[in-house]
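Single-structure report; data block below.
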Amino acid sequence: MSIPHKVGTVKSKQAPNVNTQPKAPVAKGVKAAGKKRDEEEATDTAEGEEWMQGKTLVKPPDQLDLTEKELNEEITRVLTANNPNAPQNVVRYSFKEGCYKPIIFVDQMAIHFELEGNLVHKESDEGQRLMAKQAEREDGAGDEKLDNLAKAGKKARKLTNQFNFNERASQTLNNPPRDISCQTEPPPRANFSATANQWEIYDFYVEELKRREKSKEKQEGQFLNKEEDKSKKKMIQAETQSDDISQLAHAAKIIERMVNQNIFDEVAQDFMYFEDAADEFRGEKGTLLPLWKFLYDKAKGLSVTALCWNPKYNDLFAVGLGSYEFTQEERGMLLFYTLKNSSYPEFSFNTASGVMCVDIHEQMSYLVAVGLHDGCVAVYNLKKKSDQPIYNSTASSGKHRGAVMQVKWQKDDLDSNHNFISVSADGRVVSWTLVKHELVFTDIIKLPAMDKVPDDLKDVIATAGTSLDFHKQKDYHFLVATEAGKIHKGSKYYSSKFLETYDAHFMTVSRVRWNPFHPNVFISCGWDWMVKIWDHTIESPIFTFELKTSVTDVAWAPYSSTVFAAVTTDGKVHVFDLSINKYEALCQQKVVSKKTRLLHIEFNPVHPIIIVGDDRGHVISLKLSPNLRKKPKEKKGQELPKGPEVEIAKMEQLLSSLR
Amino acid sequence: MAETVDGKKDEADYKRLHSFPLIRHTDMSEEMRVETMELCVTACEKFATNNESAAKMIKESMDKKFGNSWHVVIGEGFGFEITHEVKNLLYMFFGGSLAVCVWKCS
């Protein structure tokens with residue numbers, strides 16, 4: 001029997017008389033059925049009532065006959081959205097796995113009806129086009145045309161809607177592109193080749209060192225050379241060298257000084273502080289306290305021929321070493337000692353022949369002039385490290401033909417060139433000027449011949465000059481002493497004759513010196529055992545002293561116009577103070593061992609010490625005891641009078657007492 | 001005996017004396033030369049045992065400071081023939097036995 005299917009029914013009822021059995025699931029269907037029935041039979045209220053009252057049911061003929069049980073049985077039906085017409089066992093070939101694989105998910109959509117719409121949005125492109133077409137078509141209408149246009153225009157105008165955001169874009173004018181290309185010149189190139197070997201490196205370094213030494217010398221000489229500039233430029237880069245050695249030298253020097261000071265500590269203390277208290281009890285007499293002894297073993301066999309204190313550095317002095325004997329070997333040395341180091345000279349220079357005299361320039365204390373035994377004069381520059389003099393008169397003519405006995409620096413001439421004057425055994429007094437690289441000589445005067453020499457030989461046999469001194473104030477006045485025992489007073493401006501001649505000694509005059517304070521007084525000493533003091537206006541000496549042996553040197557004290565000291569060949573030092581005792585020495589002291597002759601003496605310009613040189617090449621320093629350094633007693637209440645005037649006055653007093 | 005001792009002394013002497021940096025040939029400007037030389041000295045002292053590292057340090061610094069493509073050779077025995085940009089070559093000795101050649105060529 002066919003069961004009538006009604007579309008949309010959820011449940012199918014089994015029994016028509018379901019109304020009476022109000023079971024929940026069935027009730028739905030009943031209600032639905034009930035509603036339908038109501039609708040069908042709604043017109044008849046009476047029938048409704050009848051239905052509600054429950055009346056006899058009409059059974060359709062082809063309905064199933066089921067038992068009560070079967071009627072009550074619940075049959076569940078599920079509705080799914082599956083498309084019954086969709087295939088359920090679709091199989092596809094999978095290339096990956098190489099076999100047929102069933103596809104599980106099959107599209108279940110069944111399209112019952114499809115209709116494409118013909119609505120177009122009026123603001124879309126297509127809509128606009130259509131509207132425009134429409135407007136064209138209705139153009140022919142005439143009156144309506146404007147309206148239509150207006151309408152179209154209206155329609156075409158966008159509705160301003162504040163919620164509608166507009167995009168505006170515009171394109172500026174783009175300049176047309178243009179291709180430009182350029183090729184620069186490549187940076188210039190050059191080839192370079194070299195070899196880097198150990199020997200090349202070594203050679204180059206050696207060369208460089210040599211070059212540096214040379215240019216250093218040149219630099220110090222203040223000569224500008226084009227080549228030197230170039231090499232300087234090359235040097236500048238490499239001047240980051242580390243001067244290990246020279247720094248060490250400096251440190252070593254300091255240590256040397258310290259060691260020396262420690263060794264000679266007592267001497268140094270004496271030098272500074274010791275004042276002989278015993279002097280008070282000695283009356284007038286004084287003593288000399290030996291301090292340092294300077295000797296240099298390379299100077300063995302040489303005698304001290306010259307001594308000179310450095311005017312700028314009061315502890316530095318120069319010693320010239322040579323020989324007075326003509327037979328001895330010709331060599332000489334110039335040494336510089338400092339009181340701070342008595343064991344080794346600060347500077348030493350070897351000279352080809354014996355040094356006979358030394359003078360240090362007053363202002364430029366590094367310029368040292370020496371006169372040599374062979375007649376040469378040389379100038380050394382202490383600032384330079386080299387052993388050679390910066391000037392030497394060997395090459396030039398005008399070299400003395402005899403030993404140079406004395407040199408003295410003069411003030412710079414008008415061209416600011418340094419110059420000095422020398423006197424030698426050939427009887428000439430010559431002025432030497434330092435001009436750039438050379439010494440230029442000018443004869444000043446020639447010593448007059450000795451009386452004993454016959455007239456025709458006067459030009460040949462020269463009168464040897466032995467000493468020279470310039471006046472302290474009027475420096476064009478000078479005194480020259482000769483071997484003949486005469487002293488000549490001359491003037492630089494007057495070259496033909498001497499102003500005056502004094503018959504000083506019977507034998508060689510070994511030294512003549514002006515008094516440092518009094519302008520008229522000078523002193524001389526000679527091998528005839530005499531020391532004489534003169535007033536240059538008077539022909540005969542004012543004072544005469546006889547010392548027992550040949551006097552080799554005499555010197556005025558720098559602190560007093562009446563004090564002087566003399567050295568003799570018996571090794572004694574004699575110190576005189578004329579203001580205290582006009583006849584006798586205040587001190588006569590032997591300072592060297594037997595058979596050593598003292599040859600030179602010099603006072604230190606500042607300290608109360610003297611240095612004496614002997615013929616063994618030794619220099620001994622001695623300190624003057626207080627008695628020898630007396631200054632005039634000041635009266636109570638009076639100020640201490642100043643130096644020079646007092647000294648001059650002292651001397652004047654003395655002199656006047658004698659006249 | 002004395003001679004060999006002297007010989008050794010001389011060797012040590014010259015090494016000490018010759019250890020300062022010495023320019024053998026250059027066409028650089030003054031400023032560049034000084035800077036480059038200082039750089040080379042620093043590098044060689046820093047990498048005293050390793051020439052390669054020293055050269056690397058020099059090359060990289062030069063590239064940064066003065067522009068690309070520098071070349072550096074450090075050694076004790078070599079010969080060379082190079083093309084370099086004008087005013088960009090430095091050839092110097094250092095430490096008594098080292099030679100350093102620095103040049104630019106791109």
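Easy rule for this one: first residue shown is 1, then count along the chain.
Just so you know, glycine gets a Cβ as well, placed from its N, Cα and C.
Copied over from TrEMBL, here are the features:
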- A:1-50: region 'Disordered' (REGION)
- A:11-21: compositional bias 'Polar residues' (COMPBIAS)
- A:22-32: compositional bias 'Low complexity' (COMPBIAS)
- A:40-50: compositional bias 'Acidic residues' (COMPBIAS)
- A:160-175: compositional bias 'Polar residues' (COMPBIAS)
- A:160-193: region 'Disordered' (REGION)
- A:216-231: compositional bias 'Basic and acidic residues' (COMPBIAS)
- A:216-236: region 'Disordered' (REGION)
- A:502-535: repeat 'WD' (REPEAT)
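If one looks beyond the repeat 'WD' (A:502-535) by at least 6 residues along the same chain, the residues whose Cβ comes under 8 Å of a Cβ in the stretch are 466-474, 479-489, 541-556, 558, 561, 564, 566, 578, 643-644, 647-648, 651-652, 655. Sorting each residue of the repeat 'WD' (A:502-535) by its DSSP state yields 0 helix, 20 strand, 14 coil. Secondary structure of the region 'Disordered' (A:160-193) per DSSP, as helix, strand and coil residue counts: 0 helix, 5 strand, 29 coil. On the 0 to 100 pLDDT scale, the repeat 'WD' (A:502-535) averages 86 in this prediction.
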